[in-house]
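Novice: Please see the structure below; I have some questions.
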Amino acid sequence: MISDGLLAPASQNMPCLPLQESLKQTSLYDFHRHHGGKMVAFAGWSLPVQYTHSHLESHLHTRQHCSLFDVSHMLQTKVFGRDRIKFIESLVVGDIAELKPNQGTLSLFTNERGGIMDDLIVTSTSDQHLYVVSNAGCRDKDFALMKNKVKEMKAAGCDVDLEVSDNALLALQGPAMARVLQAGVSDSLAKLPFMTSAVMSVFGVPGCRVTRCGYTGEDGVEISVPASRAVELAELLLKDSTVWLAGLAARDSLRLEAGLCLYGNDIDESTTPVEASLIWTLGKRRRAAMDFPGASIILAQIKEKPKRKRVGLTSSGPPIRQHMPILSPEGKAIGEVTSGCPSPCLQKNIAMGYVESDYSKLSTALTVEVRKKSCPALVTKMPFVATNYYTVK
């Protein structure tokens, strides 16, 4: 945890540390330093926590205009072969076979105990491969999981291959994104709805995969760009004065306002999709077939209801932080906060955590223990701030 004031309050949710030696660097490392990025260690990488603007200014600018994030630390993989769908569905809970060409979905790697090993986005491309983006903090674990499954399936005569992409990944997020990006692409972005993807030239940089998604709750894209041209593309995007650079601090508070989970905090191998309120990621066909890891445990929880559930919380007073105990009105410990920060948009405290299911109903009055004092909190629907994903009606 940063103790010198570099990290804004929201980023206390993230396992950030002061800079250390032997950290991995993205292809934009020097670019970040040149633009005033305050670099910290995150998931083994040196990444900017913020730039010259304050965390609050950066957060609000993203909501009102547009910000550019470097998310190149994420693991990008491609799955090839006739049995690629069979391969990925042996590891995740989603119905990947039903995806249309260039459509993607959020899914989960699960273990045999029903625990969440990671969350990831899987896109079924029109180029006869799957494009998978998963978390940097689980990079080694995820790659080992996929590599071992490829080896197992090949030994059984299946046709599947795995390739790690060395592309950079830039996230352009905010309501001005479409106007900014449209100036640099020939295809109409109006035809690219949320969770779809296309390969195109972006401001003259060819071979970019543009996926309409993000981690802020705003309309946005993630652009997979050849690493050798990532700085060039970033500079071209910054030519529009609407675009600001943003770092980990704003990214964390934005995703929390949007009610999105941070792996390692809000979900991990000890939590199931049912406990995490992520039942919607389970494909209907997959539920019926019970053919994903941990299916029997997960489906039994759906039927019997889990003992605990992830909920949103709002409060006033001192900020709510990770690991703070959640108490019933009678003072009984019923759970724990997993992420929390003051909301720049709502100007009150927001958090998420796990509570005993009997206390998970919306508008239930609870308390959170903050520095040995009980602070009132209310179970609140997520997202805390309405999302603005672009959908075609």
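Note: Cβ is positioned from N, Cα and C throughout, glycine not excepted.
Those TrEMBL annotations? Automatic predictions, nothing curated.
Here's the feature list from TrEMBL:
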DOMAIN    28-283  domain 'GCVT N-terminal'
BINDING   Glu222  substrate binding site
DOMAIN    308-385  domain 'Aminomethyltransferase C-terminal'
Novice: Run through the Cβ atoms and count how many others sit within 10 Å of the one on the residue listed as 'substrate binding site'.
Specialist: 24
Novice: When the domain 'Aminomethyltransferase C-terminal' (308-385) is classified with DSSP, how many of its residues are helical, how many are strand and how many are coil?
Specialist: 3 helix, 43 strand, 32 coil
